Amino acid sequence: MAPKPSNESECMVVPAAAIGIAVPNKFDTIKTNEKADEEFRIYDANESPERVVEHYRDMRKYHTVDFYRKMEEKYNFTNGKYRRLMTIEEAFAELENYVDASDPDLDLPNLLHLLQTAEGLRRAGHPEWMQLTGLLHDMGKIMFLWGNGKDGQDGYNPKGKQWALGGDTFVVGCEIPDDAVVFPEFNKLNPDMSNPKYNTKYGMYEPHCGLDSLCFAWGHDEYMYRMLVANETTIPQAGLDMIRYHSAYPLHDKGAYRHLLKPEDEARIEWVQLFNRFDLYTKDGSNDLRTSIKDLLPYYRNLLEKFNLGGKLKW
């Protein structure tokens, strides 16, 4: 089971009423640009760019329990460990020229997508903690600074391997659901699917063990969640869940893994589904905020201070 960061127990689920916002019943009523839903997330071996197909082939082939444990050790924050001290703005500068190889919907730098998401949430009137979550949610891709192509974390080469930085995540350590992942034909490439310890419905997990006991394919989501917890942010649990599980499309979009969840996990997934409307449907090349960055940053600097993320942070 996935170990919890040392101070995770201090991060309690915040009820919707306490946050002052209700999760909408129908997420498809939330639109943040003019593109139709079906124009997003086209994953087809005949239609998707080859870089996307290759990315998901590698994800399915290399994301195993052993790899998760390797990355967990490499990016360990326990006992004060970290790799570099940087401000959020310094990390933005490092990410400026990084483009996600797994995303068929956007070829803009990640910083612009983060601003698109945050500003979409802001325009919709969502609370400050959620706006800040939008700004930070993909920043875990900063792992490319310490990664390499062998481990799927090459962000320096335009054609580098990035299968452990981005892309839809799935639970490792149990059967990969064919009906809930993109490119299910690649599931058979995963070594754990030949291991009877991991290739069953429950695998290494107990029934209804709960969301936080599951190990999702290692990527920017898990890293950024742990980074924020290690730096003692005051973003509420709903925001941390948005960051930790927003790439888990088999979970929040296809309804997989319900046999492993606790009843209270359903409300947490609803927050992730709400966030997903802004993460996905603000991706639009015509919504380019490059000329607005200098005007927007002072607002978000204030939010960083407010949620205990000002100054140098552990990465």
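Numbers run from 1 along the shown chain.
Any Cβ shown, glycine's included, is placed from N, Cα and C.
Straight from TrEMBL, the features:
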BINDING   ARG41, ASP100, ALA101, SER102, LYS141, GLY167, ASP168, HIS246, SER247  substrate binding site
BINDING   HIS113, HIS137, ASP138, HIS246, ASP279  Fe cation 1 binding site
BINDING   HIS220  Fe cation 2 binding site
Those same-chain residues, other than HIS113, HIS137, ASP138, HIS246, ASP279, found with Cβ within 8 Å of the centroid of the Fe cation 1-site Cβ atoms are LEU114, THR117, GLY134
Please give me the CB contact count at 10 A for ASP279 (Fe cation 1 binding site), counting all chains in the structure.
24
Whole-number Å distance between the CA of ASP168 (substrate binding site) and the CA of HIS246 (Fe cation 1 binding site)?
9
Taking only the Cα atoms, work out how far HIS246 (Fe cation 1 binding site) lies from LYS141 (substrate binding site), in Å, as a whole number.
14
Looking at the binding-site residues LYS141, HIS220, SER247, which has the shortest Cα distance to ASP279 (Fe cation 1 binding site)?
SER247
Once the chains shown are all counted, how many other Cβ atoms turn up within 10 Å of the Cβ of HIS220 (Fe cation 2 binding site)?
28
